[in-house]
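Some features that TrEMBL has for this protein:
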ACT_SITE  A:Cys170  active site, glycyl thioester intermediate
BINDING   A:21-26, A:Asp45, A:53-56, A:Lys69, A:114-119  ATP binding site
BINDING   A:Cys155, A:Cys158, A:Cys436, A:Cys439  Zn(2+) binding site
COMPBIAS  A:551-580  compositional bias 'Polar residues'
COMPBIAS  A:604-615  compositional bias 'Acidic residues'
DOMAIN    A:6-437  domain 'THIF-type NAD/FAD binding fold'
DOMAIN    A:329-373  domain 'Ubiquitin-activating enzyme SCCH'
DOMAIN    A:446-538  domain 'Ubiquitin/SUMO-activating enzyme ubiquitin-like'
REGION    A:536-629  region 'Disordered'
Amino acid sequence: MDTQQQQQQSAIQGAKVLMVGAGGIGCELLKTLALSGFHDIHIIDMDTIEVSNLNRQFLFRRSHVGQSKAKVARDAVLRFRPHINIRSYHANVKNPEFDVDFFKQFDVVLNGLDNLDARRHVNRLCLAADVPLVESGTTGFLGQVTVHVKGKTECYECQTKPTPKTYPVCTITSTPTKFVHCIVWAKELLFAKLFGDKNQDNDLNVRANKAASSSKETEDVFERAEDEDIEQYGRKIYDHVFGYNIEAALSNEETWKNRRRPRPIYSKDVLPESLSQKNGSTQNCSATSVDDSATVSAMPLLGLKNPQELWGLTQNSLVFIEALKLFFAKRKKEIGHLTFDKDDQLAVEFVTAAANIRAESFGIPLHSLFEAKGIAGNIVHAVATTNAIVAGLIVIEAIKVLKKDADKYRMTYCLEHPSRKMLLMPVEPFEPNPSCYVCSKTPLVLEINTQKSKLRDLVDKIVKAKLGMNLPLIMHGASLLYEVGDDLDDIMVANYNSNLEKSLSELPSPVINGSILTVEDLQQELSCKINVKHREEFDEEKEPEGMVLSGWTQSPATKGESASTSNNESAVEVTESSSGPEIASKKRKLSETQPENHKRETENVESEDDDDLMEIENPMTVSKKKRVA
Amino acid sequence: MDGEELTEQETALYDRQIRVWGANAQRRLTKSHILVSGIKGTVAEFCKNIVLAGVGSVTLMDDSLVNEEALNANFLIPPDENAYRGKTVAEICCDSLKDFNPMVLVSVEKGDLSARSTEFFEKFDVVVIGYGSLATKKAVNEKCRKLSKRVAFYTVDCRDSCGEIFVDLQDYKYTKKKLEEKVECELNFPSFQEAVSVPWKPIPRRTAKLYFAMRVIEVFEENEGRKHGQCSLLDLPTVLEIKKKLCEANTVSESHVPDSLLERLITGTIEFPPACAIVGGILAQEVIKAVSGKGEPLKNFFYYDAQDGKGVMENISNSFTS
């Protein structure tokens, strides 16, 4: 072994590493770390093992389904490397016990996560603890690995990430044009209305109410009388949402001037008089002997086997009624608490059927259960090979980080098709974005109607949704307006709650044009300043939130070389400029400048799969950006 | 397609990957038979990947016994001496692989790969030679090419933190997506013999240096009668001598093949597990492509070097000369 290899081995053996995520990438990563000689590995994952994990999360077996991923992964790796130390945590990385002090004990943190929220959270803790982070993600044959070292390379949030796709409310409720619109309707509105929390706001009847001008009546349709026959109830729902509601919508001629008119569908036109004699599910379902809620299924009762088969209107209608009946017959206790879950077979069947019937009504092509499940569950495509490759790349970067080989750090893209002959493309990392509110503490600008908007709007739409804070604290000067925590007394909680309902200008310390707010998350140890700018009007279509946050990316209008806080000219005052002279002197282009604000707030579709993410940047755009010299 | 539907069990297990390559490709995968020889780190990674992907069968050939080196990057071998005593590497790996996916038939074939008759290879759709000698690679490739059916042929080799994959799909037709349309494409691959005897002079200068360095090492091991990786710094003078001869024969300057790279390849005899994972991953991806007939395959070499982090495809055939 030469000296270089010896150096490498001692760097590896002395290292204490934290892995976040024991899914697709995590399994591969833990194996490769152990083989490479890492001795001290801690691993956090809140998930349990599912059947659809087994095609790639090779440390898991069928017998492990339902158990903690972190623990089973640990046990499996200890079998071929019995003498190393692996500690597993079956927990959410956002739990308070994983604070800055916890992170400080590690030499490097390696992410194999599946969602933006957790990634941002870990990024902030790594910055606060000053621990390098190696970040990763895969989808299908595409993958990426990036290195984030405070002060040396950009942090995970230096570039805005594509936000989950959202759809305008009215497209979902009345004018769908794509199958995904029907899925969102079936999942978020109909399924939620029938089986979810009854107290939650639901737009399902918005349009119908207006047309029928009798909200009470329509409300009652979804209530099932105690002795009402389930099939009759199912048909009533069917006729209401696919027949009556469509009919009511059609009466508004204005809507259909430039659109294809939908066709109302009633159960009597599609289904025989009574289904019970033909395939009485309630009697028959002893066939599905185990009454485990995850295995209840309408498909076998209807003789449907192949999830990839396309069902016609009649089959979808049968599945709709049958699935609804099964929910009431077999899973009555869960009704009122259910949310859609891609691993819930009956829920997938119901949503597929409902979406297809609606699609039929609107002249949109129908889809198989397999396809519908992929859309409804936002299932990320995943294969073992990409995860294995990405895990190898993570370990290589981790070793460089441990050896402090800063000039050798690379972000690497796995491509499906070679680009300039390359399938694995290393790129020099970018320098930190001097206008990043996370790692450079540049103030943000918030345009808001300070007389109309409540503090609650600010907390929900900005502090939580946009800034990704978990346990926020909001201050105006020396006055504490809001905070979250277990250690607050009742008086404080009441005080904060009353603040939430006040408009900004009515707060004990009024927030008006020119005010500067300090927003902090104590767990993430992130603090940022927001310059408030009062604005009277907002475009309902483009700015539905009624407020616009800007500051850490350039707006499209101010393109060009200038970086830093250039689009803050509208800000009243820039209080703090903490970007170091070295960084400020360098210039940096950001290609992603899409404003996040002009989207309607109905749907927040986020990848919920167990590993693997979707945020692959186009390496072509990446190569144009400025890199660390 | 080929009639038979995937079973419910298969659809549930392979759900996420069917979403990547489709049900037809999955059906083809479940019917494919793969022969693998030389099971060190990279090949162990490859085997794991294709077993998880759900090929029909995997046949393993490696009669070597477990030693310290075999344990290093091969996670298919449990480090328990009682478990592996008296067993070959192939037998132990077979036990581990079966466990990964009960739907794949994993078995062991004893004996020397190069001694096998042409008919033997007819049973397989894919043949992968890991860490093979020059003679074995040539001989097996020739046999595969003699068969009436097309057998996809691959070699893989890792030294230090570098890896090489060679691909021979003969005359290969596949579909690829161009915008929204599916396009039929055809590629013609040179044999292994042809690909390693391409004159160096006309090969473009920016071609991966590893291509040349690997040829030098191959010839060295062949001349000296060494097994794969049976070399050390002491062999450097002999290796450089061979390099000199090859460069002269190809009328290129000796700087064509950097000495430092050759030194790395002969001294880095311990496998580097991250590189194994990467090269084994790329190889599995290529085999999946070839079996499913979907997507543009590698033609015809792939190189990875952890030192610069690049994974490049090189097309090396006699087209440079013509």
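From the backbone N, Cα and C atoms, a Cβ is placed for every residue, glycine too.
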Validating a neighbour-count step here. Other CB atoms within 10 A of the CB of A:Cys436 (Zn(2+) binding site): how many?
23
Mind pulling out which recorded positions among A:Asp45, A:Asn55, A:Cys155, A:Cys158, A:Cys170, A:Cys439 sit under 8 Å from chain B, Cβ to Cβ?
A:Asn55
Among the recorded positions listed here (A:Asp45, A:Asp117, A:Cys170), which has the Cα closest to the Cα of A:Cys436 (Zn(2+) binding site)?
A:Asp117
For the domain 'THIF-type NAD/FAD binding fold' (A:6-437), provide the mean pLDDT of the predicted model.
87
If you take the centroid of the Cβ atoms of A:Cys155, A:Cys158, A:Cys436, A:Cys439, the listed Zn(2+) site, which other residues of that chain have their Cβ within 8 Å of it?
A:Leu127, A:Glu154, A:Tyr156, A:Glu157, A:Pro432, A:Asn433, A:Val438, A:Ser440
Restricting to the same chain and to sequence separations of six or more, state which residues have a Cβ under 8 Å from that of A:Cys155 (Zn(2+) binding site).
A:Asn123, A:Leu127, A:His148, A:Pro432, A:Cys436, A:Val438, A:Cys439
When a 10 Å sphere is centred on the Cβ of A:Asp45 (ATP binding site), how many other Cβ atoms does it contain?
27
Among A:Cys158, A:Cys170, A:Cys439, the one of these recorded positions whose Cβ has the fewest neighbouring Cβ atoms within 10 Å:
A:Cys170
Reported in the order helix, strand, coil, what are the DSSP residue counts of the domain 'Ubiquitin-activating enzyme SCCH' (A:329-373)?
27 helix, 0 strand, 18 coil
When you rank A:Gly21, A:Asp45, A:Asp114, A:Cys158 by Cα distance to the residue listed as 'active site, glycyl thioester intermediate', which of the binding-site residues ends up on top as the closest?
A:Asp114
Take the domain 'Ubiquitin/SUMO-activating enzyme ubiquitin-like' (A:446-538) and count its residues per DSSP category (helix H/G/I, strand E/B, coil), listing them in that order.
24 helix, 30 strand, 39 coil
Excluding near sequence neighbours, so keeping only residues 6 or more apart in the same chain, what lies with its CB under 8 A of A:Asn55 (ATP binding site)?
A:Val383, A:Ala384
Cβ neighbour count within 10 Å of A:Asp114 (ATP binding site):
26
Using the alpha carbons only, what distance in Å do you get between A:Gly21 (ATP binding site) and A:Cys158 (Zn(2+) binding site) once rounded?
22
What is the separation, in Å, between the Cα atoms of A:Asp114 (ATP binding site) and A:Cys158 (Zn(2+) binding site)?
19
Cβ atoms near A:Gly24 (ATP binding site) (within 10 Å, other residues, all chains):
30
